[in-house]
Amino acid sequence: MYLTKSGDLASTVTRPEPSRDGLGCLEDDADLKFLLEGGALQKVRSNSWQKSRFYKLLEDCMTMWQESHKAFKGDQTFSIEDIESVRQGRQSEGLQKFTDPDMEERCFSIIFKGHRKNLDLMAKSPEEASKWVAGLGKVLSYVSKLNRQQNSEHWILSCMRKADKNKDNKMTLKELKHFMRQINIEVDDAYAELLFRRCDTSNSGTLEGDEIKIFYQMLTSREEIDVIYGKFSKNAREMSAGDLLNFLKTEQIEHATLEDALNLIEKYEPDEIAKSNKHMTKDGFLMYLQQEDGLILNPAYKKIYQDMTQPLNHYFINSSHNTYLMEDQLKGPSSTEAYVRALMKNCRCVELDCWDGANGEPVVYHGYTLTSKILFKDVIKAIKEYAFKVSEYPVILSLENHCTVDQQKIMANHLTKILGSALLVHPLGDQMPTALPSPEDLKGRVLIKGKRLNKLDAVFNNNNTIDEESVSEEDERTKIKLAKELSDLVIYCKSVHFSSFENSRTKQAFYEMASFKETKAFHLAENSGAECIHHNMEKLSRIYPAGSRTDSSNYNPVPMWNVGSQIVALNFQTPCKEMDLNQAMFLPNGQCGYILKPQFLRDPSSGFNPFKLTKGPWYKKKTLHLMVISAQQLPKINKNKESSIVDPLVKVDIFGVSEDCASKKTHHIENNGFNPMWNVSFEFTVRVPELAFVRFVVDDYDKGSQNDRIGQYTIPFTSMQNGYRHVPLLTKRGDLIPSTGLFVHIMVVDA
């Protein structure tokens, strides 16, 4: 499965032969050989710091080694799994600042997940740069296709390599203890010796060859899977297609057929003989449970399945606040990279705070603070490049405009020149519309949200009459003059002031929208919930964090979604529970950044009010029976301290209307992050399932201080599958933690 030296400890325990699309088929690939040999690259940090460093791919093909000249070198490696993407050319902020344009073809950047800084590099020639990018691209592609079991095997084997201190491909008792701590499990000396003696069949005092294989199999045995498999397999050795069908119907509560069972055997069974007999072995059964069909998220919801032809105001839209900021609101850096990251996380509405800059070039930054400034045109270039890489559906640029008329004209010029045909500059159709277009109508288009000098009708009747020359931005009393060139680019998202629901109902056009500070939005929702909902049925609304959140913290978005607010803008740069909920909201429907609101938030006859809950079409009372069974291969919190082993516990939270919110947790398991088992059952009542979320949190228990977060996963209630399911875990920044997860049993029934 992995490229290893002949005789390597890892080769002893690897299972099947590499598949045709695995890394094994790249053994003779020239680009991969180039990475394994490695070479010198120019590392670029600033104009003055550009130094030659040697880089190479290690033989596990999952780890990069980098030369370091520091006195204390620390870790000189990084995992391929930590890389988000590789960009060819001068596509990072650093390379654009610190290298000449004629170096374009020699440059590339390694972009890491989370908050780690980009690695900006320059090869000796364009040809070498292309080899690095092509090779890394192939390895990244391979890693992205690894299933959870393969990730698990790799992780265990890499820990084995680290434990094999003298690299003799054998394991002593001392090395076994070291390995157990590496994989996050503490065992006493007596148990370690017992385990060692069981496997040391040759009585040689070391484990090697088949003995290591026996140890690996003992280690990775899943007792809970054995029980389930034994219950449904009439033949203890193999499960027939009929047995599997029985399991799918009775435990997984799926409307499955015998053909479905046979398809799963064909898809997941690794044993060719069992497959030819239309049987599933225990390995195949575990493979099924750990992959897409066995995960908690219903695979039908991973693709775009909703109606995308309704007006924009009928959708929740994934939205970011002060998108340019990488950290806090007062002195942190602004960066085009923040826009790239937001867009690559399916954000469809980004914000630009625009101010006059030097040399006639407008800049984006948080005004009247020490946050750094970036050029407006560089932001637009980044948006042009990344707007539609992960979703075809429209991107809204929310402009907070503080510029003089002259620099507004430059903004308009940059928008039209850089975005080209993607920029929407005219309403769709040849006559004045009466409703907003749909996400489907606006595929591949960029919309400008901002102030407009006149009504949209002027586009069709050649009326250039200006209603108002000066306009004010949100929460500002001072007015600025607005350039017609910029005003004319605002089509479907004209910003207007909100005074009352009555005024909006009688005077606000369908293309006009208001923005609400969180405090005002929550006040309106709690005191006028029904009016809020009906306002949001007809008009777009944007909610944004209070200015007092200088640390870039976030408000709870759920109450705002509960009243139908579409553009609920959050600080994307801040890892927190609120961003976990946002990621969950936009997890289904192909992660396209648009979610169709429930019918009761779109139907004018609806009487729904989340703050005064009554019976109605929205009230579909369910009971969630949830058993937290086990976890597998939880990561260590303190990686620098070998003796530090996690004491995991699981907390399950329900978010939704206030009557549905609840939280329960398991006891903690001492000193076992490798295969802790709880077998704890919970029961929750959910009254409005279409607005509910389930959040799994795994913490490292600490008696004397706050628990440390190990991982979490949040999912819409209606997107869960029943039955025995694996739950992936994400980092605090929302990235998948490979090879780890929870194993649960879910049963949702009518209450």
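Using N, Cα and C of the backbone, Cβ positions are placed for all residues, glycine too.
According to TrEMBL, the protein has these features:
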| type | residues | note |
| --- | --- | --- |
| DOMAIN | 34-141 | domain 'PH' |
| DOMAIN | 151-186 | domain 'EF-hand' |
| DOMAIN | 187-222 | domain 'EF-hand' |
| CARBOHYD | S202 | O-linked glycosylation site |
| BINDING | N322, E351, D353, E400 | Ca(2+) 3 binding site |
| DOMAIN | 486-602 | domain 'PI-PLC Y-box' |
| DOMAIN | 605-731 | domain 'C2' |
| BINDING | D700, Y701, D702 | Ca(2+) 5 binding site |
Whole-number Å value for how far S202 (O-linked glycosylation site) lies from E351 (Ca(2+) 3 binding site) (Cα to Cα): 67
Pairwise Cα distance for Y701 (Ca(2+) 5 binding site)/N322 (Ca(2+) 3 binding site) [Å, integer]: 35
Folded-back contacts onto the domain 'EF-hand' (187-222), same chain, C-beta under 8 angstroms, at least six residues removed: 9, 12-13, 152, 156, 160, 169-173, 176-177, 180, 286, 630, 632, 675
Beyond the site residues D700, Y701, D702: chain residues whose C-beta lies within 8 Å of the centroid, for Ca(2+) 5: V646, D647, P648, L649, H668, D699, K703, N707, D708
E400 (Ca(2+) 3 binding site) to S202 (O-linked glycosylation site) - Cα separation in whole Å: 74
From recorded positions S202, D700, D702, the one whose Cα lies nearest D353 (Ca(2+) 3 binding site): D700
Env. residues of Ca(2+) 3 site, Cβ within 8 Å of mean position of N322, E351, D353, E400 Cβ: H321, T323, Y324, L352, V364, H366, S398
Cα-to-Cα gap, S202 (O-linked glycosylation site) vs D700 (Ca(2+) 5 binding site), nearest whole Å: 39
Long-range Cβ environment of D700 (Ca(2+) 5 binding site), under 8 Å and at least 6 residues apart: I637, V646, D647, P648, G673, N707, D708, R709, I710
Three-state composition of the domain 'C2' (605-731), taking helix and strand from DSSP: 9 helix, 60 strand, 58 coil
Alpha-carbon distance [N322 (Ca(2+) 3 binding site); D702 (Ca(2+) 5 binding site)] in Å: 35
Number of other Cβ atoms within 10 Å of the Cβ of D702 (Ca(2+) 5 binding site) across all protein chains: 13
Most Cβ neighbours inside 10 Å, all chains, among the recorded positions S202, N322: N322
The domain 'PI-PLC Y-box' (486-602) [mean pLDDT, rounded to integer]: 96
